[in-house]
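Below: the structure, in C-alpha cells.
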Amino acid sequence: MTSHLKKVELHCHLEGAASPALTEAQARKYGIDISGQLRDGVYIWHDFASFLECYDKVSEVYRTEEDYALLTETYLDELAGINTIYSELIVSPDHGKRIGLGADAYISGVCEGIRRAKAKSGIEARLIVTGERHFGPESVIGAAEYAAKAGNPLITGFNLAGEERMGRVADYIRAFDIARDAGLGLTIHAGEVCGAFSVADALDAVRPARIGHGVRAIEDLDLVKRLADLGTVLEVCPGSNIALRVYPDFASHPLRRLKEAGVRVTISSDDPPFFHTSLEREYALAAEAFGFGDAEIDAMTRVAIEAAFVDEETRKALLARL
C-alpha cells in the first residue's frame, strides 16, 4: 500500500539493523557462539534490559572496518530497495573502542559503506554519534568530544541512548553542550521506557531539535502542547514500542493522537530485525494500523527531511525528490 512512497528514516541504530542472516555469517566467520542471542533466524530477548544485552552480544560479531562497511552497505541497500532516499544511522564510537577496532576505524568503515550504497542507488545517509547512558556520563562526554573533533562531514548529529532509567538527563548536559557548540544537531532518547517526565527533562536540560521516541509525552497534555508549540520533532518507532511493550497494541499507540495535537512526528524502525519490523513495515503500518493516507504519510516524510541533520543544499535536493 505504501511501496510507491518515498521514505526517510531518522532513527535507526546501526548494529540494531544487522540482519540475522548477516549476523550468523559473521558469527561463523569468527567462531563466536551467539546461540543464546540468535536462534532460527530470530534475535532472542525478553525485556528492555535483555534486549540491550542481546544487542551488545550481536555487535561483537562485527569486528573490522570492512565488517562495518558491509553492515552499513547492506542496510542502506535494503532501504534503497524500498524507495528510501535518506537515512540517519545512530553509531557508537565507544563500541569501536571496546572491540579493539578503535573509534576512527569503526567510523571509517561505516562511511565506506555509506559511499558504496550511495554509488549504487543515490541514497543519502548521515551519522548520529551516540553516548550510552549505561556507560556513565564520562563515556557520554567522550562520545560528544569525539563527534565534535572528528571533522567528518558525515557526522552531523549527537544523541543519548541506552538504559533510559539510568540517571537523569541533567547528568549529561555537558556532553550536549559540547555537541551543540560544535554545530551538531541534537536528539535524545526519552519518553520510551520512562514516562512523560523524561521528555520534559530532555526539553528543559538539552533543548533538542528532536526526541527519539517521545511517545509517552501523551501522558501529559500540557507537555504535548509544549512539543507542538516548540516544533520539536518526534522520531516515532511504533513497531519498536509494541515489541518492547511500551504499548500493548497499535490501537493504544499515540502516533495519530500526537499528530492530530500538532506535534511534528516522523516514522522510523529503531532496531528493525530485533523488533520484527522494517522501515517498509513501519510505513505500511502508518496506513494500515493508523489509517493515514498517502498525503499524510508524505507530510511526515517531509517533516523528517525538514528535521534532518544535513546541510541546506542536501535538504533542498531531498525535498525535490519527494
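Just so you know, glycine gets a Cβ as well, placed from its N, Cα and C.
If you look up Swiss-Prot, you'll see His11, His13, His189, Asp270 marked as Zn(2+) binding site, on the strength of sequence analysis. Under the DSSP three-state reduction, His11 (Zn(2+) binding site) is assigned to strand.
Residue density at Glu192 (active site, proton donor): 23 other Cβ atoms are found within 10 A of its Cβ, drawing on all protein chains shown. Per Swiss-Prot, the feature active site, proton donor maps to Glu192.
A sphere of 10 angstroms centred on the C-beta of His213 (site 'Important for catalytic activity') encloses 27 other C-beta atoms. The site 'Important for catalytic activity' annotation in Swiss-Prot covers His213 and rests on sequence analysis.
Residues or ranges marked as substrate binding site by Swiss-Prot on the basis of sequence analysis: Asp271. Asp271 (substrate binding site) carries neither a helix nor a strand DSSP state and counts as coil.
Asp271 (substrate binding site) sits 9 Å from His11 (Zn(2+) binding site), counting Cα to Cα. Annotation: His11 carries the greatest number of neighbouring Cβ atoms among the binding-site residues His11, His13 [cut-off 10 Å, Cβ to Cβ]. If you take the CA of His213 (site 'Important for catalytic activity') and look 10 A around it, the binding-site residues you hit from His11, His13, His189, Asp270 are His11, His189, Asp270. Between the CA atoms of His13 (Zn(2+) binding site) and Glu192 (active site, proton donor) there is a gap of 15 Å, rounded to the nearest whole number. Neighbour counts were taken at the CB atom with a 10 A radius for the binding-site residues Asp270, Asp271; the maximum falls on Asp270. Mapped onto three states, the DSSP output places His213 (site 'Important for catalytic activity') in strand.
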